[in-house]
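**Student:** Okay, handing you the structure first.
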Amino acid sequence: MEVMNKRSSSFSDGKIRMIQGAILALALTIFLGNLMMWIIMPTFTYYQKWVPVLVAATNSTFFDIQGPIMMNFTFPILFIAVLGCLYVHLEKKKSDTVTSSYCNKDWLKILKKPKIIKPLGIVTWIELFFLAMFIILCVWYFSAFVYFHYSTITTYAATKGVEVWQARIDRLALVIGLTGNICLTFLFYPVSRGSSILPLLGLTSEGSIKYHIWLGHMAMTLFTIHGLLFILFWAVSGRLHEMLTWDPHYISNVPGELGLLVGLILWATTFPAIRRRMFELFFYTHYLYILFMVFYLLHTGMFYACIMLPGFFLFLIDRYLRFLQSKQKVRLISARVLTCETVELNFSKISGLEYSPTSIMFLNVPSISKLQWHPFTVTSNSNLESDTISVVIKCEGSWTKKLYSVMSLPSSVDRLDVSVEGPYGPASTHFLRHDTLVLISGGSGITPFISIIRELIYMSSTLKCKTPKIFLVSVFRNTSKLSMLDLLLPIAGTPSGCSSNLDLQIEAYITREIEPAQEKSEPLRTILFKPDHSDAPITPILGQNNWLWFAAIISSSFALYLLFVGLLYQYYVYPMDHGTNKVFPYHTRALFNMLFIAAAIVIAASAAFLWNKKKSARETKQIQDMADSAKSLNSLIAYADQDLESLPQQLLDKSIKTHYGHRPDLKRILLEVKGSSVGVLASGPKTLRHDVAAICSSGLVENLHFESISFTW
């Protein structure tokens, strides 16, 4: 029977992989076709042949000229997003017991080798390849548009009434702005936390923030040059009064200037020197992206915005779903306070909420700040801890220090209002592909490894899978930080034989002490919170089939948007443009489009959210009733008073070897690790991650597979 189950699992996984392969092939084909449209757009062929055909074909259409442009540049990417939802949904259906022989067939392992390039940091050869391709696309876009506009520069200068050299400045400014539009096209994909496109590339939102940073710097550099060149052109041609024009039938200058001003304020606070020292200033000014996008659409109109619309459309869907989830106060069960200025918060959740190791969750505590949301690593395991979800918070900023001060008061708080977004993380993990896992952490960088170790505890003790050997190297400043290792075991439900089934070796390095501290470390302090009827367990925002619902939201919201725009054009814009001497203003069209996008997303996402909330209401009510009962409270008290010197804890303590007064010799450690496939994960300070990446990319050994885990926002 067991053999038949394995064959059935392998067969179903094989079918899933075939379907996923077909999805990837279709998505790649659509993207390449869309890329060809981007390449053709700045050429004579597009404007002299394609545009006249589009105009001729849309004289009496439902959407006027906007329809074909939108279907060419917006629809393909949204369709890829729907395919991505199906891909991730199938990924979650795969069997967890994937054979290591299959996973070891990583044909791209050479291209995944890390490389350190300043100022980009740690990048792989694949990332460098796509970065080079993107730069080539921008260079092509710039050069093709320059050739297109400069070929008729004499005629344009005569029409404009300026000198040829002045007209060149004018056209150059336009081309640089259009090139910046390419950067803006990709800007919002990395910050869509529930993105369905990033998983197609094997990426997560938290791991893609660096792309958002690169694109943001490139876009604002180009837009700033774009604006300055136009100001120069107006100055040398005696047309400074055009800075105050708001043309209803063409590009409007005033909203463009306002958008650039807002963008410069936002951009100035993103540089590390300001972001790290004044995080709140960076956080609040980043909300100016709303004004920036409004002014951008008023400046360009929808014709030029169609190419960047899909990324922004998907971001708005994700942002609205996060807003809906964040309005609910969640049930905080307990907290564990460590002496090393670290807090573990334990929340109630429904059993249907599943997540992968290294997931993150965003927290908001209104009593500290009503607007600030901060990401923290989820350290619990959805299999071992089916009713709770935990995060670990280390004091490293003003917000976290305020939270710790509240938790560490002698008179403990009995209630804390908390809202959450998430959890977000990879659709699946592939730890079983390796013979050995080397986890190297510095300080609070150990938190993502807690979830990995708990996942492997579950696999080895419950699923009876063959798990890789785990070698954890943790670097701390002083002895008090060692208490973070106590969080490696789950709150409750740890299988008694987990340590014997799991090959775990821990080496802790204390860098600022040469010998163990004499004073006895204080035990973990547990705080229990009183339940409240207004609190609810954390639930998946769109239910267990959230990716299918997300695909439905993308499809239905875009269809609603097209319906709204079509009705506007059919009964108002088209009759005005073709039946009278008036022309419907460009900025008014942009305002209506913004309104229709917002309305379509609100209608589709709200309907899906309310439907799933109704389905999960019964389980939520049961959890709330249990939390209110005296029996539940007594069980929590019993749990809080349980002896920490349990068998799993004793076995864990025996696996820890502590070194004082020096840092680990990472090169020696990594070169001595045995195994045909060794997964190396580094989390913590930038210098530590760079050192590990340099060793893995040195070519001294071929069995190291590096992955950096960074939560630098």
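Cβ atoms are placed via backbone N, Cα and C, with glycine included.
From TrEMBL, for reference:
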DOMAIN    325-430  domain 'FAD-binding FR-type'
TRANSMEM  21-41  transmembrane segment
TRANSMEM  69-90  transmembrane segment
TRANSMEM  120-142  transmembrane segment
TRANSMEM  172-192  transmembrane segment
TRANSMEM  213-236  transmembrane segment
TRANSMEM  256-274  transmembrane segment
TRANSMEM  302-321  transmembrane segment
TRANSMEM  547-571  transmembrane segment
TRANSMEM  591-611  transmembrane segment
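I'm curious about the neighbourhood of these features; can you describe it?
**Tutor:** For the domain 'FAD-binding FR-type' (325-430), the model's pLDDT averages out at 85.
Listed by sequence, the residues of this chain that lie at least six past the ends of the transmembrane segment (21-41) yet keep a Cβ under 8 A from its Cβ atoms are 50, 72-73, 76-77, 79-80, 83-84, 86-87, 90, 137, 140-141, 182, 200, 307.
Tertiary proximity for the transmembrane segment (213-236) is limited to same-chain residues at least six positions away from its ends with a CB under 8 Å from its CB atoms, namely 120, 131, 138, 166, 169-170, 172-174, 176-177, 179-180, 183-184, 186-187, 190, 242-243, 253, 256-257, 260, 263-264, 267, 270.
Non-local neighbours of the transmembrane segment (547-571) in the same chain are 62-64, 66-67, 70, 74-75, 78, 81-82, 85-86, 88-89, 92, 194, 196, 313-314, 317, 321, 592-593, 596-597, 599-601, 603-605, 608, 612; each lies 6+ residues outside the stretch with a CB under 8 Å from one of its CB atoms.
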**Student:** Give me the stretch from 69-90, 172-192, 302-321, 591-611 with the greatest number of Cβ pairs under 8 Å to the transmembrane segment (120-142).
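**Tutor:** Stretch with maximum Cβ contacts: 172-192.
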**Student:** With contact taken as 3 or more Cβ pairs under 8 angstroms (pairs 6 or more apart in sequence), are the transmembrane segment (302-321) and the transmembrane segment (256-274) in contact?
**Tutor:** no
**Student:** Report, as numbers and ranges, every residue of the chain located at least six residues beyond the transmembrane segment (591-611) whose Cβ falls under 8 Å of a Cβ in that stretch; write 'none' if there are none.
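**Tutor:** Beyond its ends, the transmembrane segment (591-611) has Cβ neighbours at 294, 297-298, 302, 313, 316-317, 320-321, 324, 541-542, 549, 552-553, 556-558, 560-561, 564-565, 568.
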**Student:** Which residues, given as numbers and ranges, are at least 6 beyond the ends of the transmembrane segment (172-192) yet have a Cβ under 8 Å from it?
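**Tutor:** Long-range Cβ neighbours of the transmembrane segment (172-192): 38, 42, 134, 137-138, 141-142, 145-146, 149, 198, 205, 208-212, 215-216, 218-219, 222-223, 225-227, 229-230, 232-233, 296, 300, 304, 307-308, 311-312, 314-315, 318.
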